[in-house]
Amino acid sequence: MSRIGVLALQGDVREHLHTLGALGAEAVPVKTPQELARVEGLIIPGGESTVIDKLSRMYGVADALKARIADGFPVYGSCAGMIMLANTIADPTTNLMGEPQQSFGGIDMVVRRNAFGRQVDSFEVDMQVRGLESVSSQDPDEPTKPVRAVFIRAPWVESIGTSVEALATIPAANTPMNADGVQVDRIVAVRSGNLLATSFHPEVTGERRIHELFIHMIRGEA
Ligand code: GLN
(Lines of atoms letter the chains of each structure in order from A and count residues from 1; the text may use other names and numbers.)
(Lines give C-alpha, C1' and ligand atoms only; values in the text may rest on other atoms or scores of the structure.)
Protein backbone atom coordinates (compact mmCIF):
# COMPACT_ATOMS: atom_id res chain seq x y z
CA MET A 1 0.00 0.00 0.00
CA SER A 2 1.32 3.43 -0.88
CA ARG A 3 1.80 6.01 1.85
CA ILE A 4 0.85 9.35 0.31
CA GLY A 5 1.07 12.79 1.89
CA VAL A 6 -1.17 15.82 1.50
CA LEU A 7 0.59 19.13 2.15
CA ALA A 8 -1.42 20.32 5.14
CA LEU A 9 -0.54 23.99 5.54
CA GLN A 10 -3.71 25.52 4.04
CA GLY A 11 -6.48 24.55 1.64
CA ASP A 12 -8.80 21.58 1.08
CA VAL A 13 -6.53 19.01 2.73
CA ARG A 14 -9.35 16.88 4.14
CA GLU A 15 -11.00 16.29 0.74
CA HIS A 16 -7.74 14.96 -0.73
CA LEU A 17 -7.10 12.74 2.33
CA HIS A 18 -10.63 11.39 1.95
CA THR A 19 -10.29 10.62 -1.79
CA LEU A 20 -6.94 8.86 -1.27
CA GLY A 21 -8.38 6.87 1.66
CA ALA A 22 -11.38 5.82 -0.46
CA LEU A 23 -8.89 4.40 -2.99
CA GLY A 24 -7.18 2.31 -0.29
CA ALA A 25 -4.06 4.44 0.04
CA GLU A 26 -2.59 5.35 3.41
CA ALA A 27 -3.07 9.13 3.38
CA VAL A 28 -1.25 11.38 5.86
CA PRO A 29 -1.02 15.14 6.38
CA VAL A 30 2.46 16.59 5.78
CA LYS A 31 3.76 19.85 7.27
CA THR A 32 7.43 19.31 8.03
CA PRO A 33 10.53 18.05 6.16
CA GLN A 34 10.53 15.00 8.50
CA GLU A 35 6.97 14.10 7.54
CA LEU A 36 7.77 14.71 3.86
CA ALA A 37 10.67 12.24 4.05
CA ARG A 38 8.26 9.45 5.06
CA VAL A 39 5.85 9.56 2.08
CA GLU A 40 6.10 8.11 -1.44
CA GLY A 41 4.18 10.92 -3.11
CA LEU A 42 2.55 14.23 -2.20
CA ILE A 43 -0.61 16.14 -3.11
CA ILE A 44 -0.61 19.93 -2.94
CA PRO A 45 -4.26 20.89 -2.35
CA GLY A 46 -6.37 23.74 -3.66
CA GLY A 47 -6.43 26.84 -1.51
CA GLU A 48 -4.43 30.02 -1.78
CA SER A 49 -0.99 29.72 -3.36
CA THR A 50 0.40 32.86 -1.70
CA VAL A 51 -0.38 31.38 1.74
CA ILE A 52 0.94 27.92 0.85
CA ASP A 53 4.11 29.61 -0.41
CA LYS A 54 4.62 31.59 2.82
CA LEU A 55 3.79 28.77 5.23
CA SER A 56 5.88 26.18 3.38
CA ARG A 57 8.91 28.41 3.70
CA MET A 58 8.14 29.07 7.40
CA TYR A 59 7.84 25.32 8.13
CA GLY A 60 11.07 24.66 6.22
CA VAL A 61 9.32 22.20 3.93
CA ALA A 62 9.69 24.26 0.71
CA ASP A 63 13.39 23.54 0.15
CA ALA A 64 13.01 19.87 1.10
CA LEU A 65 10.17 19.50 -1.39
CA LYS A 66 12.08 21.26 -4.18
CA ALA A 67 14.97 18.84 -3.62
CA ARG A 68 12.66 15.81 -3.77
CA ILE A 69 10.94 17.14 -6.92
CA ALA A 70 14.36 17.45 -8.57
CA ASP A 71 14.93 13.75 -7.69
CA GLY A 72 11.74 12.62 -9.47
CA PHE A 73 9.39 12.51 -6.45
CA PRO A 74 5.71 12.18 -7.58
CA VAL A 75 3.58 15.24 -6.81
CA TYR A 76 0.02 16.12 -7.82
CA GLY A 77 -1.19 19.72 -7.48
CA SER A 78 -4.82 20.82 -7.81
CA CYS A 79 -5.59 24.50 -8.45
CA ALA A 80 -3.34 26.40 -5.98
CA GLY A 81 -1.24 23.21 -6.07
CA MET A 82 -0.90 23.58 -9.85
CA ILE A 83 0.39 27.13 -9.31
CA MET A 84 2.94 25.82 -6.80
CA LEU A 85 4.27 23.32 -9.37
CA ALA A 86 4.71 25.90 -12.16
CA ASN A 87 8.21 27.04 -13.03
CA THR A 88 6.70 30.43 -13.91
CA ILE A 89 3.69 32.31 -12.47
CA ALA A 90 2.50 34.84 -15.07
CA ASP A 91 1.09 37.32 -12.55
CA PRO A 92 2.67 36.69 -9.14
CA THR A 93 1.33 38.65 -6.20
CA THR A 94 3.95 40.74 -4.44
CA ASN A 95 4.03 41.20 -0.68
CA LEU A 96 4.53 44.49 1.21
CA MET A 97 8.29 44.15 0.72
CA GLY A 98 7.77 43.98 -3.04
CA GLU A 99 8.83 40.32 -3.17
CA PRO A 100 6.91 38.20 -5.69
CA GLN A 101 5.29 34.98 -4.46
CA GLN A 102 7.35 31.86 -5.11
CA SER A 103 6.46 28.41 -6.37
CA PHE A 104 8.17 25.06 -5.78
CA GLY A 105 8.41 24.67 -9.55
CA GLY A 106 9.12 21.43 -11.40
CA ILE A 107 6.79 21.73 -14.40
CA ASP A 108 8.05 23.74 -17.35
CA MET A 109 4.91 25.85 -17.77
CA VAL A 110 3.59 29.36 -17.35
CA VAL A 111 0.45 29.50 -15.18
CA ARG A 112 -1.91 32.46 -14.85
CA ARG A 113 -3.65 32.79 -11.46
CA ASN A 114 -7.37 33.57 -11.14
CA ALA A 115 -7.47 33.39 -14.94
CA PHE A 116 -11.18 32.61 -15.26
CA GLY A 117 -12.17 35.58 -13.07
CA ARG A 118 -13.18 36.05 -9.46
CA GLN A 119 -14.90 33.75 -6.97
CA VAL A 120 -18.31 34.57 -8.51
CA ASP A 121 -17.03 33.35 -11.90
CA SER A 122 -16.47 29.83 -10.50
CA PHE A 123 -18.11 27.12 -12.63
CA GLU A 124 -18.39 23.37 -13.31
CA VAL A 125 -18.07 21.59 -16.64
CA ASP A 126 -17.79 18.01 -17.98
CA MET A 127 -14.45 17.49 -19.64
CA GLN A 128 -12.43 14.78 -21.32
CA VAL A 129 -9.12 14.10 -19.58
CA ARG A 130 -6.47 12.03 -21.36
CA GLY A 131 -4.48 9.34 -19.56
CA LEU A 132 -7.33 7.83 -17.52
CA GLU A 133 -7.85 4.80 -19.79
CA SER A 134 -5.94 2.40 -17.54
CA VAL A 135 -7.32 3.35 -14.11
CA SER A 136 -9.55 0.66 -12.63
CA SER A 137 -12.43 2.84 -11.46
CA GLN A 138 -12.88 3.92 -15.09
CA ASP A 139 -16.29 2.59 -16.15
CA PRO A 140 -15.53 -0.23 -18.65
CA ASP A 141 -18.84 0.44 -20.44
CA GLU A 142 -18.03 4.09 -20.79
CA PRO A 143 -14.26 4.37 -21.14
CA THR A 144 -14.35 8.02 -22.12
CA LYS A 145 -16.70 9.14 -19.36
CA PRO A 146 -16.00 12.85 -18.85
CA VAL A 147 -14.60 14.26 -15.64
CA ARG A 148 -16.86 16.67 -13.73
CA ALA A 149 -14.44 19.55 -13.26
CA VAL A 150 -14.99 22.32 -10.70
CA PHE A 151 -13.12 25.58 -11.28
CA ILE A 152 -12.85 27.93 -8.25
CA ARG A 153 -10.79 31.07 -8.90
CA ALA A 154 -8.80 28.68 -11.01
CA PRO A 155 -5.55 29.17 -12.90
CA TRP A 156 -4.98 28.09 -16.49
CA VAL A 157 -1.79 27.07 -18.23
CA GLU A 158 -0.69 29.69 -20.75
CA SER A 159 2.21 27.76 -22.23
CA ILE A 160 4.05 24.48 -21.78
CA GLY A 161 7.56 23.32 -22.58
CA THR A 162 8.28 20.29 -24.76
CA SER A 163 8.64 18.00 -21.71
CA VAL A 164 5.03 18.68 -20.66
CA GLU A 165 1.95 16.84 -21.91
CA ALA A 166 -1.43 18.61 -21.95
CA LEU A 167 -4.03 16.15 -20.56
CA ALA A 168 -7.09 18.40 -20.78
CA THR A 169 -8.08 21.54 -22.60
CA ILE A 170 -11.15 23.59 -21.85
CA PRO A 171 -12.97 24.78 -24.96
CA ALA A 172 -12.86 28.46 -25.90
CA ALA A 173 -16.59 28.83 -25.17
CA ASN A 174 -15.88 28.29 -21.43
CA THR A 175 -13.08 30.85 -21.27
CA PRO A 176 -13.27 34.63 -20.84
CA MET A 177 -12.24 36.91 -23.71
CA ASN A 178 -8.60 37.92 -23.92
CA ALA A 179 -7.42 41.51 -24.46
CA ASP A 180 -8.17 41.18 -28.19
CA GLY A 181 -11.78 40.19 -27.48
CA VAL A 182 -11.13 36.58 -28.51
CA GLN A 183 -11.89 33.38 -26.58
CA VAL A 184 -9.28 30.64 -26.95
CA ASP A 185 -8.90 27.04 -25.72
CA ARG A 186 -6.92 26.78 -22.48
CA ILE A 187 -4.89 23.93 -21.03
CA VAL A 188 -6.21 22.90 -17.59
CA ALA A 189 -4.43 19.59 -16.84
CA VAL A 190 -0.82 18.59 -17.46
CA ARG A 191 1.68 15.87 -16.74
CA SER A 192 5.46 16.16 -16.77
CA GLY A 193 7.28 13.00 -15.70
CA ASN A 194 6.14 12.28 -12.13
CA LEU A 195 4.38 15.62 -11.75
CA LEU A 196 0.64 16.02 -12.38
CA ALA A 197 -1.41 19.22 -12.12
CA THR A 198 -5.04 20.22 -12.69
CA SER A 199 -6.66 23.68 -12.62
CA PHE A 200 -9.80 22.04 -11.26
CA HIS A 201 -10.72 20.15 -8.07
CA PRO A 202 -11.59 16.46 -8.60
CA GLU A 203 -11.50 16.01 -4.82
CA VAL A 204 -14.76 17.93 -4.31
CA THR A 205 -17.01 16.02 -6.74
CA GLY A 206 -16.45 12.39 -5.75
CA GLU A 207 -14.33 11.97 -8.90
CA ARG A 208 -11.54 9.49 -8.08
CA ARG A 209 -9.83 8.79 -11.39
CA ILE A 210 -7.32 11.65 -11.24
CA HIS A 211 -6.13 10.46 -7.79
CA GLU A 212 -6.08 6.90 -9.08
CA LEU A 213 -3.88 7.96 -11.98
CA PHE A 214 -1.58 9.64 -9.45
CA ILE A 215 -1.40 6.43 -7.36
CA HIS A 216 -0.48 4.53 -10.54
CA MET A 217 2.26 7.09 -11.20
CA ILE A 218 3.65 6.58 -7.67
CA ARG A 219 3.74 2.81 -8.27
CA GLY A 220 5.44 3.33 -11.62
CA GLU A 221 2.39 1.86 -13.43
CA ALA A 222 1.46 4.95 -15.44
N1 GLN B 1 -6.68 31.58 -6.80
C2 GLN B 1 -6.04 30.68 -5.90
C3 GLN B 1 -4.53 30.93 -5.84
O4 GLN B 1 -4.00 31.76 -6.50
C5 GLN B 1 -6.30 29.24 -6.27
C6 GLN B 1 -7.74 28.89 -6.03
C7 GLN B 1 -7.99 27.45 -5.68
O8 GLN B 1 -7.10 26.69 -5.31
N9 GLN B 1 -9.24 27.07 -5.74
O10 GLN B 1 -3.86 30.26 -5.10
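For all residues, glycine too, the Cβ spot is worked out from N, Cα and C.
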Item to check | Residue in R14, R113, R186, R191 which TrEMBL records at the L-glutamine site where G47, E48, S49, I152, R153 also bind | outcome: R113
Next on the checklist: Cα-Cα, whole number of Å: R153 (L-glutamine binding site) versus H201 (active site, charge relay system)?
Outcome noted: 11
Checklist outcome for this item: For R153 (L-glutamine binding site), the three-state DSSP class is coil
Checklist entry - Which of the three DSSP-derived classes (helix, strand, coil) applies to C79 (active site, nucleophile)? => result coil
Next on the checklist: Please give me the CB contact count at 10 A for R153 (L-glutamine binding site), counting all chains in the structure.
Outcome noted: 18
Next on the checklist: Name them in sequence order: residues not among G47, E48, S49, R113, I152, R153 whose Cβ is within 8 Å of the mean position of the Cβ atoms defining the L-glutamine site.
Outcome noted: G46, C79, A80, I83, N114, A154, P155
Checklist entry - What Cα-Cα separation, expressed in whole Å, is found between I152 (L-glutamine binding site) and E203 (active site, charge relay system)? => result 12
